[in-house]
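Copied over from Swiss-Prot, here are the features:
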- H114, H118, D305: Fe cation binding site (BINDING)
- V137, V138, S139, G140, G141, D170, G183, D187, N277: substrate binding site (BINDING)
Amino acid sequence: MDKKIILAIESSCDETAAAVVVNGREVLSNIIASQIDTHKKFGGVVPEVASRMHIEAVDSVVKAALLEAGISIDDVDAIGVTYGPGLVGALLVGLQYAKGLALGSKKPLIGVNHIQGHISANFIEHKDLKPPFVSLVVSGGHTFIVHVKGYRDFEVIGQTRDDAAGEAYDKVARALELGYPGGPKIDKLAKQGNKDAIEFPRAKFQDDTLDFSFSGVKSAVLNYLNKAKMKEEEVNKADIAASFQKAIIDVLKTNLFLTCERKGIKKIAVAGGVASNSCLRETLLEEGRKKGIEILFPSPILCTDNAAMIGSAAYFNYQEGAVSDLNINAKPNLKLGER
């Protein structure tokens, strides 16, 4: 098999990342400069701050990725970069840097959809994984169920119509005064609570769609807290966290396994930051055992934003001749499968 080396850059939100990936599955380096400690002070990501920090970090992160991989830019076959979806200012930093690098080194440039990147993290973790399978992509900014028909062939089966699951986690964590990022904090606190203590709503649409809505459960938690505050009642934060988390995961589980049933597929690959959630993992693995469906997860380092997953996706794009020209622009609202 021909060995193809991809240098990948990711800067769609609050991580500046670069990686070197061979043939879409072998990671030689995966460098991440996280901005989380900075944004924590603001209770969420501040786009202008994120862009400035990407500018400060991108050059050293890319150089560190090449150094750790033990290669130079001359050894690279192509440069992969996230061009959407994400924060436009943040995306532009990585994209402009990658363009300059591609121009200077005369290497092909490959634009990558960030969601495709998350799905591709499973190709790194599970070396024998091949399409078709169903993927659940669940993170702070995205919630999708995708029928992965090929390495670049995606059918979106369900998506959120309002808040992403991870976004709801962050907002509820803020209301519970747990801090940012909210996902890991709610996951940890929920272990001490009773998941059946409070019946929070689960949104279901009448039109037979497998779309999601998480604004209702988020609002229900906020209303519950406001009522308790007005009555000057004590609340059990662990019970709230556990009950909220169960409501979110119940809906994800139901729609995900319905997709498998409708498509006749027996393999699920979960991806995105929320894929690190211990309750989600346990729930899906248990349901998978009952239904005879294989459930795959990436390692936690490959769940959150990273460039290795972008390198994997870029490789499969490159193999199918999907090379970008230097006029490619950042697309903050890029759809999965959009060319």
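Cβ coordinates are placed from backbone N, Cα and C, and glycine is handled just like the others.
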Rounded Cα-Cα span from D305 (Fe cation binding site) to S139 (substrate binding site), Å: 9
Where G141 (substrate binding site) sits in the secondary structure, as DSSP reduces it to three classes: coil
Rounded Cα-Cα span from G141 (substrate binding site) to H114 (Fe cation binding site), Å: 11
Of H114, H118 (the binding-site residues), the residue whose Cβ has the fewest other Cβ atoms within 10 Å: H114
The one of S139, G141, G183, N277 whose CB sees the fewest other CB atoms within 10 Å, among these binding-site residues: G141
Nearest recorded site to H118 (Fe cation binding site) by CA-CA distance, among binding-site residues V137, G141, G183, N277: V137
Protein Cβ atoms within 10 Å of V137 (substrate binding site), excluding its own: 27
Neighbour tally for D305 (Fe cation binding site), based on other Cβ positions within 10 Å of its Cβ: 27
For the Fe cation site built from H114, H118, D305, further residues of that chain with CB within 8 A of the site's CB center: E10, S12, T82, I115, G117, S139, H142, G272, N306, M309, I310
